[in-house]
Amino acid sequence: MKENQDWKAIRSLFPYIWTFKGRVAVALTLLIFAKFANVGIPLALKGAVDALDPKQQDLIYLPILMIIIYGCLRLASSLFSELRDALFAKVIYRSVRHVAGNIFEHLHKLSLRFHLQRQTGGISRDIERGTRGISFLMNFMIFNILPTLVEIALVTIILLTKYDSIFAIITSVTILLYIVYTLLITEWRMRFRRAMNDMDSEANNQAVDSLLNYETVKYFNNEQYELQRYDEKLTTWEAAAIKNQTSLSLLNVGQGAIIATGLTILMLLVGQGVVDGKLSLGDLVLINAFLLQLYLPLGFLGFVYREIRHSLADMERMFVLLEEAQETVDETKATSLVVEHGTIQFNHVDFYYDANRPILHDINFTIEAGKKLAIVGASGSGKSTIIRLLFRFYDPQAGNITIDGQDIREVSQHSLRQAIGVVPQDTVLFNDTIYQNILYGNPKVDKQAVIDAAKQAHIHDFIN
């Protein structure tokens, strides 16, 4: 099941990548060129070392030529890699932008019930980690795993064709052991990463919730109580983070031991070959350079695999948000609300948040256009619920609500809310300019309309 979720997360990125298929194709071509140049570097170095043999002094230009080729290949490898990254940057960051935008849009489409029950700090941290995970996954999965595998294949082919098969066998066994060890330990470590993510979200939610309710905390003189609760979350996170780091150290030590063992065995064999006269000093340099060049990205491959698994874990909670179902949706044939007079009717409306606790039962009333209606009742009697039903934050379990005879379930939510103005009991301001807060009621109006509204509210002179 977990594996299916991982592949589902990866597949969800394909449409964003495919949008830039031409750019991706060029980037992959540059990647291949960079790897061929990279593999050519040790060959040029071997040629330069062998050309320095005193027996070949008559070819004085050869060492210089090989060194120039060596430098050109290094430059080409770096140039192709940087061009590749520059081309693919737009793919990565446009994808992150679109995914983040889709999640933001989806969250606004979810019901009020979801938002009343949500933990704001936890959700914001999940989105932050998830978008960061997308960037890492797209970059390293395509441009690190694939090129490393290509380089391993090229080096193995060269070792098989130019040298004794034992070199290719030892190299392949070392790589296989490294990969198997990395996969097993990384999978085992994922439990610690997920626990750390969970605790991180809870700690962040605790902090955000406390700061959002700053005034209440002060009224009850509970600063130390809030600090204690926050520290309890951080203590649990700390324990999970320590386990995560300790298991990482175990992974790194094992990987280092496997690479060091394979490299030592191969260098002993090559050294013996040079002593026996079967191999040249250039061969020693070539094989050593190949192995270092191969094991370095292999070591990075272990890091990349770990981070990909971490990225998938980070993305997991974000994609769960995208799977959250909308409670209130427009009908397929929903029309726009047409307001001629503005008469509102509640017809035999029943509603409950919980089936065991009904809030409204058989509610009937009419508010004629231009009239006022005061709804009075005790806390929890359903006064705010009536407003929420009118805005269609929820649908009633029975009955219907109409505006000028139009059932609000048969019109689009956008047109419905566009036609209704509300002055909430608690004044809420966005952390923005006063101008933007006034403009929020109708973002399409010009500056003069905002100034006129401020004057009508008798706050224009105060603002100035």
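Heads up, residue numbers simply count up from 1 along the chain you see.
Even glycines carry a Cβ here, placed using N, Cα and C.
Keep in mind the model is a prediction, meaning the values are calculated, not measured.
The domain 'ABC transmembrane type-1' annotation in TrEMBL covers 25-310. According to TrEMBL, the feature transmembrane segment maps to 20-39, 59-80, 136-160, 166-186, 250-272, 284-305.
Packing against the transmembrane segment (136-160) from elsewhere in the chain are residues 10, 13, 17, 24, 27-28, 31-32, 34-36, 38-39, 43, 84-85, 88, 91-92, 95, 167-168, 171-172, 175, 287, 290, 293-294, 297-298, 300-301, 304-305, 307-308, 311-312, 315: each is 6 or more residues past its ends and has a CB under 8 Å from a CB in it. Counting Cβ pairs closer than 8 Å to the transmembrane segment (284-305), the top stretch among 20-39, 59-80, 166-186, 250-272 is 250-272. Listed by sequence, the residues of this chain that lie at least six past the ends of the transmembrane segment (59-80) yet keep a Cβ under 8 A from its Cβ atoms are 30-31, 33-34, 37-38, 40-41, 44-45, 47-48, 51-52. If one looks beyond the transmembrane segment (166-186) by at least 6 residues along the same chain, the residues whose Cβ comes under 8 Å of a Cβ in the stretch are 152, 155-156, 159-160, 247, 250-251, 254-255, 258-259, 261-263, 265-266, 269-270, 287, 291, 294, 298, 301-302, 305-306, 309. With a cut-off of 8 Å between Cβ atoms, the residues of this chain six or more beyond the transmembrane segment (20-39) that come close are 73-74, 76-77, 80-81, 83-84, 87-88, 90-91, 94, 142-143, 146-147, 150-151, 154-155, 158, 293.
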